[in-house]
Amino acid sequence: MIGAWVWRVSRWLLLLAFAAFFLLPLVALLDFSTTIPRTGERTGAAWQSLLEDPQMTQAIKTSLLLALFTVIGMVVLLVPTMIWVKLRVPRASRLVEFLCLLPLTIPALVVVVGIKNVYAWVTYLIGDSALTLTFIYVVLVLPYAYRSIDAALSSIDAGTLSEAARSLGAGWFTVITRVITPNIWPGVLGGAFISVALVLGEYTVSSLLNYETLPVVIVLLSKSDAPQSMAASLASILFAAALLVVLSFLDRRRRTTVRK
Amino acid sequence: MSVTQSSSHSAPSTVSPGLAVEMTALRRTYGTVNALDGLDLHLDPGEMVVLLGPSGCGKTTALRILAGLERQDAGTISVGGRDLTHVPANKRDMGMVFQAYSLFPHLTVLDNVAFGLKLRGRSRKDRRQRAGDMLDLVGLGEQKARYAHQLSGGQQQRVALARALAIEPAVLLLDEPLSALDAKVRVQLRDEIRRVQSDVGTTTLFVTHDQEEALAIADRVGVMNSGRLDQIAPPAELYSSPATRFVGEFVGLSNRIPAQVDGETAVVLDARLPVLPGSAAGAGLALVRPESVSVEPDEHGHATVVSVAFLGPVSRATLTLDDGTLVMAQLASAAAGGLVVGGRVRLRITPSPVLVVGA
């Protein structure tokens, strides 16, 4: 009896400790971003400026578009490749895994230095836009997206499903798009979420290549208008968290419809 | 196109003309292993042929090559006179049921069955109608809206069968479809597969390592051994007249009793029996079925009872001959009551033809 009671209390204490650890900084951010430093009065000015300050709105737009393009690029590049390797050239799976995990082992700084020359060509060919960062970001998210998709792909019998579809008359394109992909969707969604979170928080590359993405502008503003940069930080964290909730909700709804 | 055949009395809407299948001199090697070593196999229109053999004998390879899921190194395949040797799997028009559960998890039972029809551009109404009919045929008309994980293994394989047949395939291929199921369901489903197959009249190749399954449902059973077909014959013939030692020993139980071949006959335990073609000459071992051995207690007999196992309607007695040879006899349980372990008995062998192999 006592054991169960102690267990319950300690579980709650643990939960509270974790909540405090994660939530306190956020509450502090909220507090700081809504306070006028000298007088201590409450104000929504910093939050309002997120929507009004042209530099900030532009940065938000850029980062959201980058996140979107990166996810599209990742899905288009990685999903068919991984399915193809799994079904047709399983011998190459080690190589693909190695290539996909490589960005994890190379510091962003090194990537930037190496890639700067390539980017001279990229900007020469398709213009000098922050959105060209998509190319680097797709590479940077590969390790995380790979893990997520690989787990989903291993959880289904892709070989048998594809053979069943082939015998029913499906070509490879149909096998990939209509048979395998729908069944690894949770993994693809997971990979997409991690990609969004990563892009929204990526500072090193964009800063070194002089593009004004959200994290770069946040750091810039923190030197002149700290409350606004705090508000932007909190907003991007909340956005990522909301996205996580939405995605997991979508996934759960999908599963319950399947279970119905 | 070849001659068609159909069973006219049942479910006329589902009857499709069967096509002849011709596999000629198929070869396939994996590294140093000869999975198929010049396999020739012919299926008559509407016939169900079962390929039987131990694992690694090449039976699944043969089926997968026919399906186009694997490439042959040499040899040709034709169905209904059409050469399919280099046609990809999705253009071969073959319905296949796999050993592993293969329903698409994201689709309902109905959509699974309609999948192949959708790829063929059939209208929605048409697809639903046909898929519904096929599900009725396998007795799952009520489960249309369910998903694979809500079905039992046996139900999943029935849906897979309905899905394979929905496209009216030229050939139906069954790759050990029952081996993941438990014994009772296995027997039910195998009879059902046979019923459905005769109903629709599709030429069918069935692969299994389970001889009881093979003998129960096949028109003809092909026994494979090291990438070759040792014998292909109707089940009863295969059982009573094995062509090779491998077939005799693999299909059913066989005693190996010393025999002396003399021309067309052999002397086995004082009995003179006709020998099957392919038998060795001179001294050898006769392959004798346990049910061909009858036993009666006799003080002056030439064998001793070692054990008697009760198997329900029949019992199986293990005996030793005086020369040390172990012999199994299968007899009615009522008759087995008179046998005592350690008692002396006399054996008689039913005078049916036997295969005698070299010792």
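The first residue you see is number 1, and the count goes up from there.
Keep in mind that glycine also has a Cβ here, set from the backbone N, Cα and C atoms.
What TrEMBL says about a protein is an automatic prediction, not a curated fact.
If you look up TrEMBL, you'll see A:60-251 marked as domain 'ABC transmembrane type-1'.
The transmembrane segment annotation in TrEMBL covers A:64-83 (among others).
Marked as transmembrane segment by TrEMBL: A:95-115 (among others). Sequence-distant neighbours of the transmembrane segment (A:95-115) (same chain, 6+ residues past either end, Cβ-Cβ under 8 Å): 78, 81-82, 85, 136, 139-140, 142-143, 146, 150, 204-205, 208-209.
Taken from TrEMBL, the feature transmembrane segment covers A:121-146 (among others).
Under the heading transmembrane segment, TrEMBL lists A:188-209 (among others). Counting only same-chain residues 6+ beyond the ends of the transmembrane segment (A:188-209), those with a CB under 8 A from a CB of the stretch are 63, 66-67, 70-71, 74-75, 78-79, 108-109, 111-112, 116, 119, 130, 133, 136-137, 140-141, 144-149, 152, 181, 215-216, 219, 236, 239-240, 243-244, 247, 250-251.
As annotated by TrEMBL, transmembrane segment applies to A:229-250 (among others). Within the chain, the transmembrane segment (A:229-250) has long-range Cβ neighbours (under 8 A, six or more residues past its boundaries) at 26, 29-30, 32-34, 46-47, 49-50, 56, 60, 63, 189-190, 192-193, 196-197, 200-201, 214-215, 217-222.
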Quick test of the contact rule: Cβ under 8 Å, at least six residues beyond the ends. What residues does that give for the transmembrane segment (A:121-146)? 62, 65-66, 69-70, 73-74, 77-78, 82, 96-97, 99-104, 108, 111, 115, 191-192, 194-195, 198-199, 202, 205-206, 209, 211-213
